[in-house]
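Here's what TrEMBL has on this protein:
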{"type": "DOMAIN", "residues": "6-407", "note": "domain 'Enolpyruvate transferase'"}
{"type": "BINDING", "residues": "K22, N23", "note": "phosphoenolpyruvate binding site"}
{"type": "BINDING", "residues": "R93, D306, I328", "note": "UDP-N-acetyl-alpha-D-glucosamine binding site"}
{"type": "ACT_SITE", "residues": "C117", "note": "active site, proton donor"}
{"type": "MOD_RES", "residues": "C117", "note": "2-(S-cysteinyl)pyruvic acid O-phosphothioketal"}
Amino acid sequence: MEKFVVRGGRQLHGSVTISGAKNAALPILMAALLPQEPVTISNVPALQDVETTLALLQRLGLGYQRDDVHSVAIDPRSLNDHKAPYELVKTMRASVLVLGPLLAKRGKAEVSLPGGCAIGARPVNLHIEGLRRMGAEIVVENGYIKAAVDGRLRGAEILLDTVSVTGTENLMMAATLAEGVTTIENAAREPEIIDLANFLNEMGAKVSGAGTDTIRIEGVTELHGGSYQVMSDRIETGTFLVAAMVAGGEVRCENTDPHALDAVLKKLAEAGGQISKGNDWITLKADAQPKPVNVITAPHPAFPTDMQAQFTALNSVANGTGWIRETIFENRFMHVPELRRMGANIELEGNTAICHGVNRLTGAEVMCTDLRASASLVIAGLVADGETCIEQIHHIDRGYERIEEKLRQLGADIERIVCQ
Ligand SMILES: CC(=O)N[C@H]1[C@@H](OP(=O)(O)OP(=O)(O)OC[C@H]2O[C@@H](n3ccc(=O)[nH]c3=O)[C@H](O)[C@@H]2O)O[C@H](CO)[C@@H](O)[C@@H]1O
Ligand SMILES: C=C(OP(=O)(O)O)C(=O)O
């Protein structure tokens, strides 16, 4: 077991290189199940979730080879199984992304039901209903989604009841090899959807409209190999920018896409951050206590739920009261009791956290409960008086590559300690 020890009070200065996006890399790696030939994926972040994905692909029979830590060549020709077992799915919900590709490629799939997770119930009914519309027979029994199709999947018109990111991705992947045209309406518009569509098209798929709420996929009989570079991580970028806003200083994020972060940059500017940006970089300078901001999470292009916890930390030390409304997940405020242990003054009213900013947080022992909650505790630790001990940091390692090294490079006092 490992923990972070953060000693607060240092400003952040310098440049940080942003890694590839977890939420783009995972579906892109799963999409490697689809083609007839090997693919090479680069700018893959070095994360626990990526290791889990590769273990899952290997379990399904695929071979892979790493050129370096951020590049992986995957050979789908040895695909020989269709079962994603509980022991892998339980550690990573995104494992459900093998469902669409397996059904399209092998005509059958058996995928453990992901179940709920810390931030909410997170059902996968839309994935299942969409695949049924494409001709799949699906039952859920013994904790598994068991799906089969006679011949190829068939193109269908699918209207999603709720915007779902991985739901859109699963259906988009399945539809690439279906017979005929599939349309997905009320599709998610996240940048990661565009990245996946670009990768699928690189392999010969015919996907159009990604990034809008209607995606059209003309099925093809097979996909070929190719190579692709994963987009940079907008949530990691946002996390470092909030860290700079809270700790003060000037931080430049390199290898990032400023256009993917409009809603977050708008709120950082409202908080008093001085932002400049170029083609692939963003700099934030902060020389005063943040101003409070009000935030409502919603599907892209609105404010991302994956940045909500970090902004709760920001509001905790702002010079006034700001509120955060979470509309995507029903239980995504578990960082609030931990931030309170550090002296934050936050009231929870339903899906809204009302944060009365305080001038000082104090170091404390706190516990990570999920990925972004963990990030908020690290940010709070950077500005707290004294020492903050953050336990259960495997949550943060799921989604941030060497966060402590990157922060140390910017001047933070943070270390990873192996507990006895
Ligand atoms: C690996 C990955 O990309 N994860 C992201 C993805 O998760 P994920 O794709 O799991 O999240 P969804 O977009 O599916 O969830 C959005 C909402 O739809 C609901 N829903 C979803 C599917 C379904 O079949 N039925 C249903 O009711 C969910 O419970 C939730 O309330 O998008 C979330 C919302 O931006 C992000 O927080 C996650 O970081
Ligand atoms: C909730 C997240 O990821 P996942 O969907 O993989 O749990 C996240 O990246 O913040």
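Including glycine, each Cβ sits where the backbone N, Cα and C put it.
Mapped onto this structure are the features recorded in TrEMBL.
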residue : record                                        : DSSP (3 states)
K22     : phosphoenolpyruvate binding site              : helix
R93     : UDP-N-acetyl-alpha-D-glucosamine binding site : helix
C117    : active site, proton donor                     : strand
D306    : UDP-N-acetyl-alpha-D-glucosamine binding site : helix
I328    : UDP-N-acetyl-alpha-D-glucosamine binding site : coil
In the chain carrying R93 (UDP-N-acetyl-alpha-D-glucosamine binding site), residues 6 or more apart in sequence that have Cβ under 8 angstroms from it: P114, C117, R122, T166
Rounded Cα-Cα span from I328 (UDP-N-acetyl-alpha-D-glucosamine binding site) to N23 (phosphoenolpyruvate binding site), Å: 16
Spatial neighbours of D306 (UDP-N-acetyl-alpha-D-glucosamine binding site) that are distant in sequence (at least 6 apart) but have CB under 8 A: N23, I235, R372
Spatial separation of I328 (UDP-N-acetyl-alpha-D-glucosamine binding site) from K22 (phosphoenolpyruvate binding site) - C-alpha basis, Å: 19
Max pairwise CA distance, angstrom, over record-listed UDP-N-acetyl-alpha-D-glucosamine binders R93, D306, I328: 16
Residues near I328 (UDP-N-acetyl-alpha-D-glucosamine binding site) in space but at least six apart in sequence (CB under 8 A): T297, A298, P299, T305
Recorded positions whose CB lies under 6 angstroms from ligand 1, from K22, N23, C117, D306, I328: N23, D306, I328
Check: same-chain CB within 8 A of UDP-N-acetyl-alpha-D-glucosamine site center, minus R93, D306, I328: I119, G120, R122, V165, T305, F329, R332
CB contacts for K22 (phosphoenolpyruvate binding site) [other CB atoms within 10 A, all chains]: 26
